[in-house]
């Protein structure tokens, strides 16, 4: 209804065209910028009206029309007008001429035909063409009824389009007291519901001022309209105006006033409605009262030039725009040309003022520091977001965008009369169509670029002189430059065009200069393992239970396929072990001492670093927090506080205790029969469940070097007999030891123990179906409830700790279970029932479930059950801690981090280690994990994975090397070797990437997923040796970068070597200059043996079809290699070959054995030689020493330093003050002789000579190096450094069974390295000599060595990478005399230069 009233009222009178010139009066907005800037200081505003209407008699209708427009703009805000001085109103006398020209333009614009509006796509309307048009009926104005401070609103009227009807005979309708006069200068148009943002204008008023303003306004309007505006009724348009809906009083209560309390008048300009209809001249972009001022220079120097960088209230331009205009609207405000619709039909609730009132300074209260254009309202669409530009109903909200300092506006206000002409002009662009991408980008660029960079439309077509006059002055530009501050903007909210190439960053972590960013090089894609569905299925079954039914295949065909696959990998493992055994030495299983806690902390330290760094870090912990050393005599058989069964092993010092299940019965283990041939578990043979319980112990093994037998209990096993008066139990099934949870290693009792090999035996109790927990579901956080408490499900959740005992068959009545039923959360059942500790089921919520599940599960239930079943394990010499873990737990984390600082990541690892120890104390009451040896493998894996920082590889290392479970950890060395040898198939590589150019290898989890289903049937000893040989092979031969392929014993089967060899053949030969210079790359690849070459060519042929399919390369014809030409020997050469020169010295070839024996006889019978100086006599003890020159004591190279050392026997007098060598240590104590004249810091021997030596004499000065060297050479005493075997230095205890070290690794005694000991020559004269390779790490020592030298080093030599302090038992760096790294040598030479 309201729309209908507005439509009808707008057509009551035809538009009046003013014909007479207008008298001078101020424009719509006659106040200056300076007045706006100071308006916030006013605290009182009131309206001063002029009741004398005689001043309007001389005005024409056009003047009255303009005056009415001005009055309507003033009173539309419904706020009191403050009293101002009359200075500003006198500035508008020069505007009459411009307004007269405007009135003529208005007449022309009104008579034009309006354009048809564009129909909205989202809301189509049906046009009724055939319906007759209705004549508009004049209607009396309707007073708005105000109830409770709210104006009643008219209902919505149906939308009907009407054409313009002009009637000149209609009279003007008087304006009611509730609304001001509204005149219509446009044809009839549609009325739409609009939003009233009057609340924004109310921010300048307090709630009390707003209520008083409404009352004063209502009373004042009634009084003045009754008395003073009667003369205007005959002149104005008779079209009634629909009063604008007023905001309710309740909405005004939430308006926040400004601090200065000033009121802000509003002018409602319905620009959005005009933009929608696009009705020609009435909606054109024209400022009817100020368009003539657009071309003025001062108008174009307005303060919007400062808008990009100025702020108000802590908000930037961009932030305010995004806040005021919702959605993605692009608000483009142009300060040079805009629209201002002054149609009287769009003005509501207006009042009329006289010219005298205007001249008295009514508008002087408009001094604002912002762009207060005409109103404070912005119309933004709510129902639908648009990407077009926002429509401004009233532009005074742009006040928030600009803030102008007072001293900057003074330059523009130097001419008051000229500055009065300046009006704020705002362009509002309305998008008709959906903007394209190019338009969007252009709009964004316009919004980002400052207005200072744009030229107004009025500048186009002007001469250079005009442009020169209109440009900014030099003073203005200099002032702008002076005020320019890079810190003015907020960097967090700054909008800048982003391009990767022009990005800049702070160098040096924010403390350095701003430099262009260096784009990160995109890494090459990581290759992936070609996994089949069957492998993935078996992998999942193995995670749940190693003895699952489908592990060997779901049908006969799959079972046969798996048997063939496992036979292939068994052959590969045997072949690899055999070859590496010949080169890298004997690395079969020999037990080390150490606790489970040591190994868990050891895997923390070995993550992502080399072994020599991680081993040094653990040695530092043992040195800083040592355990009090207890002699071995104090470690007798461990006892338990409760009555227990003594399980005795032959030739063993260790005993275990278990609860009195069978009344103090004894268990005797019988010896196993030796088996010369290794036996593997067949794929069709029933293997032991992963939940079996095995009682075992570690024992010392007598090591020999001649025997190569493997004694195993795979086939025959060992029997367990339990003698008891009440009942007798026997073991139903004996299972192979390679699947046992814990393996017992024993020595065979023989008459010749030094000729025997290790014999394995185990005592096992079959407890099937226990702890069958899905490991995958633990990782995925899925909880599976138990189906039956008496039936163990393979999907048992980790919240259920159960064990099913059905391995014993009682000959008599069963006895009571030893499990204490009073333990919380545990229940005891007999005859195969489940011992369970059930926890409430958790909901599935991703990662959060994992944390809740770990907290909810009682891991101590595993310990209680293991101790109830196998007894409490006491600390023995074999299971004693290497480090005082209680002291580490109580120490400061910074102290622990400082101890392992050399390893790297010290702070993070120190926190993890202390967190691990804290959890052990909180969960179990003590730092002890020996009970984990009696826990089933699957449960042990789940428990270890629950610790923070332990992954699958780390857990598998602990299980295989410490707990002796069936596992095969895949680290970086194992994964790289498996890929290069072709054990793991890869998905097709990109065309440009070859196998030998791989920088990244597949994920280790995927490699293990492929290998483990094929290696799961191997025994534990084979898996241990295979793992140990592979990680050593990765350090010595198959390094990540520049592997030693020439010396590799596996190059005939290596795909990496085949790819590199094929690439080297196709490569162009190097230049002669390049051939003469030393190459930093590895040695050139030698041709393999004939059979190896065929295998390598097959690999290349297999890889070619894939390339032919995807790669199209030009055919390159390679010429055949020329055949070697046979040298023709001339007749003269043949004759000269048999010509003998009588003056030539003949070469005498001696029999060295006979020569040695004769030399010994001469020395024995000829006593005269012994009377002289024996040190200068030539003594040849063997044929080898007689035929070869004496080797040097020290051979220095860049990567390694070779030292000739003497091997000291255990009974040597030099070892009287040292610790006794461990019986299982394969290495001996060594003595490294110093070169005469050498010092601890000397790198190369001195070549200087003394002046006394020219006369055959030696000086007595102690500082003379040359003379002292000669004296030491002739003396009977030499200096030396003791080298300690690594196993003896660590007292046989180290994490992960000592796999950190090499089997032939020694440590240099730090004390004798600094101060060498004096050794008589007679004590070392007949000792065997060995070679020790000193270096920084094992890979650098063996880099570039031949196969023969590597083999000699492992079998007859030793390696040394660190020193050892015998007092603190901590690691030390090697002194310069033993080895000086090439990197430090280069730095030292550079410093000297």
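From the backbone N, Cα and C atoms, a Cβ is placed for every residue, glycine too.
Pulled from Swiss-Prot:
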- 1-25: region 'Disordered' (REGION)
- 98-108: compositional bias 'Low complexity' (COMPBIAS)
- 98-186: region 'Disordered' (REGION)
- 117-126: compositional bias 'Basic residues' (COMPBIAS)
- 127-138: compositional bias 'Basic and acidic residues' (COMPBIAS)
- 162-171: compositional bias 'Basic and acidic residues' (COMPBIAS)
- 237-265: region 'Disordered' (REGION)
- 243-256: compositional bias 'Basic residues' (COMPBIAS)
- 528-626: region 'DEMETER' (REGION)
- 653-672: compositional bias 'Polar residues' (COMPBIAS)
- 653-722: region 'Disordered' (REGION)
- 687-698: compositional bias 'Low complexity' (COMPBIAS)
- 699-722: compositional bias 'Basic and acidic residues' (COMPBIAS)
- 789-830: region 'Disordered' (REGION)
- 816-830: compositional bias 'Polar residues' (COMPBIAS)
- 901: ubiquitin cross-link (CROSSLNK)
- 1038, 1045, 1048, 1054: [4Fe-4S] cluster binding site (BINDING)
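This view paints the features noted in Swiss-Prot onto the structure.
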residue: 901; record: ubiquitin cross-link; DSSP class: helix
residue: 1038; record: [4Fe-4S] cluster binding site; DSSP class: coil
residue: 1045; record: [4Fe-4S] cluster binding site; DSSP class: coil
residue: 1054; record: [4Fe-4S] cluster binding site; DSSP class: coil
Key: Residues near residue 1038 ([4Fe-4S] cluster binding site) in space but at least six apart in sequence (CB under 8 A)   = 973, 976, 977, 980, 1048, 1050, 1056
Query = With the [4Fe-4S] cluster site defined by 1038, 1045, 1048, 1054, which remaining residues of that chain have Cβ atoms positioned within 8 Å of the Cβ centroid?
reply = 980, 1037, 1043, 1044, 1050, 1051, 1056, 1057
Note = For the recorded positions listed (901, 1045, 1048, 1054), most other Cβ atoms within 10 Å of the Cβ sits at 1054
Note = Cα-Cα, residue 1054 ([4Fe-4S] cluster binding site) versus residue 901 (ubiquitin cross-link), nearest Å, comes out at 39
Query = For the region 'DEMETER' (528-626), what does DSSP give as the number of helix, strand and coil residues?
reply = 69 helix, 3 strand, 27 coil
Message = Measuring Cα to Cα, how many Å separate residue 1045 ([4Fe-4S] cluster binding site) from residue 901 (ubiquitin cross-link)?
response = 35
